[in-house]
Amino acid sequence: MARKKIALIGSGMIGGTLAHLAGLKELGDIVLFDIADGIPQGKGLDIAQSSPVEGFNASLTGASDYAAIEGADVCIVTAGVARKPGMSRDDLLGINLKVMEQVGAGIKKYAPNAFVICITNPLDAMVWALQKFSGLPKNMVVGMAGVLDSARFRLFLSEEFKVSVQDVTAFVLGGHGDTMVPLARYSTVAGIPLTDLVKMGWVTKERLEEIIQRTRDGGAEIVGLLKTGSAYYAPAASAIEMAESYLKDKKRVLPVAAHLSGQYGVKDMYVGVPTIIGAGGVERIVEIDLNKAEQEAFDKSVAAVAGLCEACINIAPALK
Ligand code: APR
């Protein structure tokens with residue numbers, strides 16, 4: 001069986017890291033694409049030269065022409081600009097929306113059967129626009145946010161409790177970052193909900209709230225430290241987990257920005273929800289009952305995403 005083809009649209013910090021991880025995990029042959037000529041070619045060649053040392057088999061090529069992504073099984077989109085200190089994800093909207101229009105056209109023409117994972121921010125609005133610009137089926141276009149937000153939450157919880165990250169699960173809903181809704185009663189240490197851990201005296205409610213706030217600000221904390229860009233190792237690892245679940249039909253239950261058509265009371269928007277990702281793309285959206293406080297936080301998050309989609313429509317009325 002021929003290898004799968006993975007197209008990375010955008011070959012900056014996240015794109016390069018995606019290529020490296022996809023190679024190390026032998027997910028398939030990799031095409032790096034970017035408008036900056038030379039960058040995708042150079043990164044592809046560099047990573048390919050690590051393959052004899054690491055012992056993985058994959059072809060890595062770079063291109064500045066969309067024809068190179070032809071027939072891709074998976075496209076991971078990071079094209080656009082990243083945040084600098086003082087910028088919010090929403091500040092990127094105008095520039096990155098135009099980028100999504102170009103990327104959508106390229107995918108529509110050359111990779112209409114791909115599973116598409118968008119990482120470009122502001123995530124929930126960009127993935128929504130990308131699906132419309134590309135015209136691909138809604139279950140085949142998703143946004144990466146929840147896996148990253150929950151990874152940050154899991155790390156901070158594991159450090160707080162001094163337990164392995166492997167034994168901490170986190171359940172998050174809603175938009176990326178600032179309006180993320182962590183569900184404490186569904187986040188666990190080895191199956192014990194955080195709400196029980198509070199009762200057991202492992203953590204106070206106040207301390208838990210601080211950890212949640214640090215998670216929400218997780219991206220900004222890194223932008224503040226790096227000063228010249230935003231996070232890339234954890235975002236890349238998160239998107240690779242989603243791509244792997246699709247390519248290997250693992251049916252992982254992962255929080256992703258998925259198209260909602262009535263689930264959770266939301267219509268024609270992308271919002272972070274738990275999903276099953278397999279060979280059929282988004283095979284199922286897991287709908288749970290929310291309590292009053294959770295529903296309020298979720299509604300607030302949805303309203304923030306709706307505001308961004310409105311801003312997109314004002315710039316590109318065809319999105320309506
Ligand atoms: N088409 C293709 N590539 C583009 C385009 C375009 N129209 N516009 C910009 N790019 C490329 C840039 O040349 C650059 O190499 O996208 C790449 C973005 O890389 P970085 O600036 O290093 O950004 P990165 O850290 O990878 O983040 C990318 O993901 O998490 C989000 O907020 C982040 O929106 C940002 C995106």
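Any Cβ shown, glycine's included, is placed from N, Cα and C.
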Practice item. Out of N96, N113, N139, which one does TrEMBL list together with G10, S11, G12, M13, I14, G15, D34, I119, T120, N121 for NAD(+)? Key: N96
Check your understanding: By DSSP, how many residues in the domain 'Lactate/malate dehydrogenase N-terminal' (5-143) are helix, how many strand, and how many coil?
Key -> 69 helix, 25 strand, 45 coil
Revision key, fill the gap. Reading the DSSP string in three states, the entry for R152 (substrate binding site) is helix
**Study point:** Rounded to the nearest Å - Cα separation of R152 (substrate binding site) and H176 (active site, proton acceptor)
**Key:** 12
Revision key, fill the gap. Spacing of the two Cα atoms, R89 (substrate binding site) and G10 (NAD(+) binding site), in whole angstrom, works out to 17
Study note, to complete from the structure: Among the binding-site residues G10, I14, I119, N121, R152, the ones with a Cβ under 6 Å from any atom of ligand 1 are G10, I14, I119, N121
Point to revise | Maximum Cα-Cα separation (Å), residues R83, R89, N121, R152 listed as binding substrate | key: 18
Exercise for review: Could you state the whole-number distance in Å separating the C-alpha atoms of I119 (NAD(+) binding site) and H176 (active site, proton acceptor)?
Suggested key: 10
